[in-house]
Amino acid sequence: MSKAKFERSKPHVNIGTIGHVDHGKTTLTAAITTVLAQAGGAEAFKYDEIDKAPEEKERGITINTAHVEYETANRHYAHVDCPGHADYVKNMITGAAQMDGAILVCSAADGPMPQTREHILLSSRVGVDHIVVFLNKADMVDDEELLELVEMEVRELLSEYNFPGDDIPVIKGSALVALENPTDEAATACIRELMDAVDSYIPTPERATDKPFLMPVEDVFTITGRGTVATGRVERGVLHVGDEVEVIGLTEERRKTVVTGIEMFRKLLDEAQAGDNIGALLRGIQRTDIERGQVLAQVGTINPHKKFVGQVYVLKKEEGGRHTPFFDGYRPQFYFRTTDVTGSIKLPEGMEMVMPGDHIDMEVELITEIAMDEGLRFAIREGGRTVGSGVVTSIIE
């Protein structure tokens with residue numbers, strides 16, 4: 001059978017399976033591809049193909065993730081599944097594989113377990129706002145009341161972390177039975193029901209081009225007789241010649257300027273959009289007024305901050321991280337977008353130290369402002385090597 005070409009006209013959504021080890025995340029991923037393959041919407045993957053996920057490096061951190069893609073009648077999905085718990089923690093904090101929503105897999109026979117809780121907590125921290133629940137192994141539970149009890153427990157757990165526990169779709173079924181009987185209507189009904197829920201409950205994400213313009217400044221130079229040019233890759237939004245933008249970060253001052261020219265690959269453009277590497281010619285800006293580490297942004301859409309709370313994963317020794325713990329008041333460099341800024345760390349109350357391999361919430365105070373909003377990723381570096389990776393979960397000031 002020849003491979004069907006994926007239709008790219010459908011909206012694209014990134015999702016992933018989360019949940020406790022051995023509750024059936026990988027089996028479910030295999031079942032989804034196998035059932036959808038019947039309708040020509042996927043290439044069927046076997047359990048082993050997903051389980052032996054290749055290692056990837058994201059900011060120097062090794063993460064095992066399996067990527068599969070499939071489509072429903074309404075959407076095209078990229079789906080990520082991580083074999084190990086540590087891989088989930090690292091993936092979610094570094095944002096290696098972006099997730100717009102998640103399928104929480106929980107074994108109906110065991111109920112919520114420690115990693116069920118941990119993955120829900122992580123999702124709430126890193127901005128995975130929409131979760132659909134699949135109560136797996138439901139065929140192993142004979143007692144209907146017990147099933148209802150587990151569903152209630154999962155809903156309460158979700159509510160505890162500010163998810164709308166009462167409204168979240170919960171689908172019961174068996175991923176294994178569906179995987180082994182992909183042509184059996186009854187066995188695969190739970191998979192179709194799950195994908196219908198994912199289709200309707202997880203919203204289509206806002207495209208990067210629809211967001212307010214932002215470009216991290218990578219380099220600055222002067223064109224004699226024309227003015228100052230800032231170069232970088234547009235992170236989000238669209239920029240037109242004649243737009244007013246602000247230069248933000250590394251100082252309290254916000255400097256406004258008008259973009260009088262946009263250049264890409266030595267050609268002049270009228271507009272640039274997310275993903276483009278450009279040079280922007282800025283009116284009335286001196287070479288000394290702007291530097292790497294600042295951002296150009298649509299006026300009034302982002303602010304410079306010094307103090308924030310971050311969820312951080314601390315690299316293990318084997319990953320090239322520190323060999324020893326660090327303590328309250330530790331002062332490493334925080335790498336945001338294109339620059340390092342020194343900052344000091346305040347550990348949560350009652351925590352003496354942080355060991356390599358831990359993931360924690362920490363309060364950080366930088367020595368200078370950086371343009372930031374919630375969800376911004378950063379690396380923690382010490383003498384040029386990465387010792388941690390984090391995401392801004394809330395801004396203090």
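If you go along the chain as it appears here, the first residue is 1 and each next one adds 1.
Glycine is no exception: its Cβ is also placed from the backbone N, Cα and C atoms.
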Checklist entry - Among 19-26, 51-58, 315-322, where does Swiss-Prot put the label region 'G1'? => result 19-26
Checklist entry - Looking at 45-49, 60-64, 90-94, 140-144, which one does Swiss-Prot call region 'G2'? => result 60-64
Next on the checklist: Quick test of your reading of Swiss-Prot: among 72-75, 136-139, 232-235, where does it put region 'G4'?
Outcome noted: 136-139
Checklist entry - Under Swiss-Prot, which of the candidate ranges 81-84, 117-120, 157-160 is annotated region 'G3'? => result 81-84
Checklist entry - Roughly how many Å separate the Cα of His85 (GTP binding site) from that of Thr26 (Mg(2+) binding site), to the nearest whole number? => result 13
Next on the checklist: For each of Cys82, Ala138, count the other CB atoms within 10 A of its CB; which of these binding-site residues has the top count?
Outcome noted: Cys82
Checklist outcome for this item: Looking only at the region 'G2' (60-64), mean pLDDT returns 76
Checklist entry - In the structure shown, which of the binding-site residues Lys25, His85 has the fewest other Cβ atoms within 10 Å? => result His85
Item to check | Rounded Cα separation (Å) that holds between Thr26 (Mg(2+) binding site) and Cys82 (GTP binding site) | outcome: 8
Checklist outcome for this item: Filtered by Cβ under 8 Å and at least 6 apart in sequence, the residues in the chain of Gly19 (GTP binding site) near it are Lys25, Leu104, Val105, Cys106, Gln115, Thr116, His119
